[in-house]
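What TrEMBL lists as domain 'YutG/PgpA' is 25-142. What TrEMBL lists as transmembrane segment is 25-49, 61-78, 99-126, 161-181.
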Amino acid sequence: MSEALALPAPRRADARFMRGHPARWLALGFGSGLSPVAPGTVGTLWAWLSFLVLDVWLDDAAWGLLIALGLGGGWWACTRCAQHLGTADPGAIVWDEVIAFWIVLWLLTPAGLMEQTLAFALFRFFDAAKPGPVRWADGLFKRRGLGAGGQPPRIGWAQGFGIVLDDLVAALCTLLVLALLRFAGV
């Protein structure tokens with residue numbers, strides 16, 4: 001199979017689409033990405049809730065393993081789901097938000113509700129507004145798959161990595177701001 005697939009016109013993700021392939025379950029955040037309003041925000045809220053539930057049972061080593069597996073599996077799932085949808089970075093794909101926000105919360109812990117809420121707000125700002133380095137990361141791999149002359153985009157592993165990369169940079173920016181606030185004693 002070639003690295004990138006040229007696909008027909010995009011289709012819309014729905015529950016039936018999600019059930020059609022295991023990669024879609026993961027990439028669509030177990031359904032949180034199907035929200036008709038602000039799927040990235042809903043996916044991040046799902047990440048927060050699932051982190052709170054899982055954190056009761058997982059120690060740091062288990063979190064590290066889960067995040068490593070989530071990054072690798074998420075790259076695969078985001079790539080496959082984008083190929084199935086025929087779009088380089090569909091809004092319904094929210095696993096990138098989930099894994100990136102898990103990283104923020106894992107590295108922030110222990111943190112109270114206020115600090116977690118601030119982390120959520122900062123992460124959503126960096127992910128949605130895409131200032132500076134986040135915008136750079138967002139466009140880095142998308143440009144590689146653009147179809148020439150009206151042809152559909154070619155969606156390969158590079159574009160799948162690009163889906164995840166901008167959220168990892170948003171997470172890094174969030175952690176940097178939070179570290180500066182902690183250092184300043186705020």
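Placed from the backbone N, Cα and C atoms, the Cβ positions cover glycine too.
Simply put, out of 25-49, 61-78, 161-181, 161-181 has the most Cβ pairs sitting under 8 Å from the transmembrane segment (99-126). The domain 'YutG/PgpA' (25-142): residue composition by secondary structure is 91 helix, 0 strand, 27 coil, according to DSSP.
A Cβ distance under 8 Å defines the sequence-distant neighbours of the transmembrane segment (25-49), meaning residues of its chain 6+ beyond its ends; these are 13-15, 18-19, 73-74, 77-78, 80-82, 91-95, 97-99, 101-102, 105, 116, 120, 123-124, 127-128.
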